[in-house]
Ligand SMILES: Cc1ncc(COP(=O)(O)O)c(C=O)c1O
């Protein structure tokens, strides 16, 4: 059959029709354990009653007005996010890339306010910030940029987790206005930096009057065992972006800012027709209430350790495992070879996994995954990896 969808994804040959918690069912009634969660989106699992109820309730009342008017739920959501993050204010968008676009615009205007006509944002090699032209230009992966030149100027890339490289880049260019990084690189291969990496970036930004921008689109909303990953480091960035799990499947993005950065954008500087509409905010409020009222964020750290330990034990002695690493429920199993094939093999065994950076199995299970499901996940996956790497 001819598909009328642009072939921008290499899709697996399965279509899901229903979900509940950590389980999905395909349209032939087969059940799958979901350790991808819509790429770190459905952290509360599928068909969560609180999200379901919020979306139904709101759709009966008011779906959308416009940012030309006050939006009560947006105000409530902003208050909640500020209380949880320690930041000062929020711009609402519809996706991660859009949240990052707002962050990049803040950095550029902050530069102009300081008399820098050609502001440069430092981002990291192997980073991923989105697919819009701005965020693609920020992204440190030349493969996904191919064919889309001319890219936007105003970005320079340094190796991740490399403070001397950052210092050198700052010293070499007086146009630097910001440093932008993921607390853990997701698409880049679940790369976990040194424990004090974010603290060192904070110090550099303070010393050189740069904005510290953290892209928490994948790490945020509890996935790493804190509401935001920077809370492991007891620091505050100047700008922080979120999306993915914030709506548990209802599209919403947010760019949070603090201090000087919070005062950069003024009326007419930025906008979004849908950003922060009542439907999205209603879902996000339900997500935050459920997450913070349940202990799920703390459990993300414990569950991540459980999965890590189980996989380590089951795969001990396998010489093809380069490393098993995790920050909460962001888990990477790096092999010494490309392992994209494993996604289809696992699917055939009723398990959804992801492979990123070609050789790293990435697990992003929902935060509600239980002990029995953790056992199924780790036992099934370890057996498949043993077979595959033999
Ligand atoms: C760290 C990070 N930033 C930005 C994005 C882009 O988000 P979206 O696909 O919602 O535009 C992603 C998506 O994977 C991401 O992981």
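Cβ atoms are placed via backbone N, Cα and C, with glycine included.
The pyridoxal 5'-phosphate binding site annotation in TrEMBL covers 96, 97, 128, 215, 216, 217, 218, 273. The N(2)-acetyl-L-ornithine binding site annotation in TrEMBL covers 131, 272. Taken from TrEMBL, the feature N6-(pyridoxal phosphate)lysine covers 244.
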In three-state DSSP terms, the structure that residue 96 (pyridoxal 5'-phosphate binding site) belongs to:
helix
List the binding-site residues 215, 216, 273 whose Cβ sits under 6 Å from any atom of ligand 1, in sequence order.
215
Residue 131 (N(2)-acetyl-L-ornithine binding site) and residue 97 (pyridoxal 5'-phosphate binding site), distance between Cα atoms, whole Å:
7
Coarse DSSP state, helix versus strand versus coil, of residue 215 (pyridoxal 5'-phosphate binding site):
strand
Going by Cα-Cα distance, which of the recorded positions (131, 244, 272) sits nearest to residue 96 (pyridoxal 5'-phosphate binding site)?
244
Spatially, and counting Cα to Cα, which of the recorded positions is closest to residue 215 (pyridoxal 5'-phosphate binding site)? Options: 131, 244, 272.
244
Near residue 218 (pyridoxal 5'-phosphate binding site), meaning Cα within 10 Å, which of 131, 244, 272 (recorded positions)?
244
Determine the most Cβ-crowded residue among the binding-site residues 218, 272, 273, using a 10 Å radius around each Cβ and all protein chains in the structure.
218
Going by C-alpha positions, which of the recorded positions (131, 244, 272) is nearest residue 217 (pyridoxal 5'-phosphate binding site)?
244
If I take the alpha carbons of the residue listed as 'N6-(pyridoxal phosphate)lysine' and residue 272 (N(2)-acetyl-L-ornithine binding site), what is the distance between them in whole Å?
18
Three-state secondary structure, residue 131 (N(2)-acetyl-L-ornithine binding site) (per DSSP):
coil
Site diameter for pyridoxal 5'-phosphate, Å, by largest Cα distance between 96, 97, 128, 215, 216, 217, 218, 273:
25
Which one, from the recorded positions 131, 244, has the smallest tally of other C-beta atoms lying within 10 Å of its C-beta?
131
Secondary structure of residue 244 (N6-(pyridoxal phosphate)lysine) (DSSP, helix/strand/coil):
helix
